[in-house]
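Q: Starting off with a structure, shown below.
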Amino acid sequence: MLNQLRPALSRVITPVGRALARTGLTPNAITLIGTLGVVGGALGFYPRGEFFWGTVVITVFVFFDMFDGAVARVTGKTSRFGAFLDSNMDRVSDAAIFSGLIFYFARQDHQDLLMIGLALFCLVSGALVSYARARAEGIGVGATVGIAERGERLIVSLVAIGLDGLGVPYVLAIGLWLLAVASAITVVQRFVAVRRQLEVLEVSEPS
Ligand SMILES: CCCCCCCC/C=C\CCCCCCCC(=O)OC[C@H](COP(=O)(O)OP(=O)(O)OC[C@H]1O[C@@H](n2ccc(N)nc2=O)[C@H](O)[C@@H]1O)OC(=O)CCCCCCC/C=C\CCCCCCCC
Ligand SMILES: O=P([O-])([O-])O[C@@H]1[C@@H](O)[C@H](O)[C@@H](O)[C@H](O)[C@@H]1O
Ligand SMILES: [Mg+2]
Ligand SMILES: [Mg+2]
């Protein structure tokens, strides 16, 4: 859904991309800096229960994922390796965010098995959403559909974690439940989309 905002957002992101390009940073370097920043923010702050500041750091570095592509496009340096690196580093960042939460809820002084289970489910279902799309593209169809693509997943998780860090009660559990349900629905939406496309292809090109 938020993917539809890309053309509008690019009016803001492209000038930032142009400025970053002048620093001489390559798109791949921006991808790696963003990933290191998100991983550092998640694993450095969340396990200690510093949810607000961890979220602030992650939010700053998560934007690098928009800037890497923007720099690649304005400098004419888009590459297939860059696209591959970008998507794989997204998985590393996503894993770090939920691992940081899991480390916190696994601590003896804050142990909460339900929250560990929820965070684990969000991590695995989010990865499955992305894998379904990547595998669909591997077999020659598309699966860019669903109510919880990466932008939505990031916003729901970061807002919930950040507000929890500010002391808002229940918001983290509500956010993670919402994310778990939305990610599961998105997996089903992608499976259905792939199945439908393959059925149409099999009618037009019987094997
Ligand atoms: C009181 C509350 C306390 C809590 C505080 C914090 C709350 C946090 C709340 C919200 C935070 C929201 C953050 C979420 C931002 C999400 C950003 C994001 O994840 O964007 C990700 C994607 C980018 O996707 P992708 O990586 O696929 O796109 P690229 O443009 O990079 O293109 C990929 C292609 O580029 C090439 N390439 C790439 C890399 C490389 N090394 N080489 C390359 O060649 C290659 O061809 C690749 O194929 O974006 C989206 O998903 C789009 C939709 C996201 C919409 C998010 C909406 C964000 C909300 C506000 C936006 C405000 C914008 C302001 C910008 C300010 C700038 C200074
Ligand atoms: O598939 P998804 O996770 O909803 O969304 C994402 C895509 O929009 C993006 O282009 C890709 O680079 C990411 O790695 C991620 O996969
Ligand atoms: Mg990117
Ligand atoms: Mg990305």
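Note that the numbers count up from 1, one per residue, in the order the chain is shown.
Glycine is treated like the rest: Cβ placed from N, Cα and C.
Note that TrEMBL annotation is computational and uncurated.
Okay, so TrEMBL annotates it like this:
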type: ACT_SITE; residues: D90; note: active site, proton acceptor
type: BINDING; residues: N28, A29, I30, T31, G69, R73, S79; note: CDP-1,2-diacyl-sn-glycerol binding site
type: BINDING; residues: D65, D68, D86; note: Mg(2+) 1 binding site
type: BINDING; residues: D65, D86, D90; note: Mg(2+) 2 binding site
type: TRANSMEM; residues: 20-45; note: transmembrane segment
type: TRANSMEM; residues: 51-71; note: transmembrane segment
type: TRANSMEM; residues: 113-132; note: transmembrane segment
type: TRANSMEM; residues: 167-188; note: transmembrane segment
Q: Between the stretches 20-45, 51-71, 167-188, which wins on the count of C-beta pairs under 8 angstroms to the transmembrane segment (113-132)?
A: 167-188
Q: Which binding-site residues among N28, I30, D68, S79, D86 have CB under 6 Å of ligand 2?
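A: Checked binding-site residues vs ligand 2; flagged D86.
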Q: Other than D65, D86, D90 themselves, what residues in this chain have Cβ atoms within 8 Å of the centroid of the Mg(2+) 2 site's Cβ atoms?
A: T31, G34, T35, D68, S87, M89, S93, R150
Q: What binding-site residues among I30, T31, D65, D68, R73 are found with a C-alpha within 10 angstroms of that of the residue listed as 'active site, proton acceptor'?
A: T31, D65
Q: Where does S79 (CDP-1,2-diacyl-sn-glycerol binding site) sit by DSSP, helix, strand or coil?
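A: DSSP assigns S79 (CDP-1,2-diacyl-sn-glycerol binding site) to coil.
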Q: When you measure from each Cβ to the nearest atom of ligand 3, which of the recorded positions D65, G69, D90 fall under 6 angstroms?
A: D65, G69
Q: Please name the residue among the binding-site residues N28, T31, S79 whose C-beta has the most neighbouring C-beta atoms within 10 angstroms.
A: T31
Q: To the nearest whole angstrom, what is the C-alpha distance linking D68 (Mg(2+) 1 binding site) and I30 (CDP-1,2-diacyl-sn-glycerol binding site)?
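A: Cα to Cα, D68 (Mg(2+) 1 binding site) and I30 (CDP-1,2-diacyl-sn-glycerol binding site) are separated by 5 Å.
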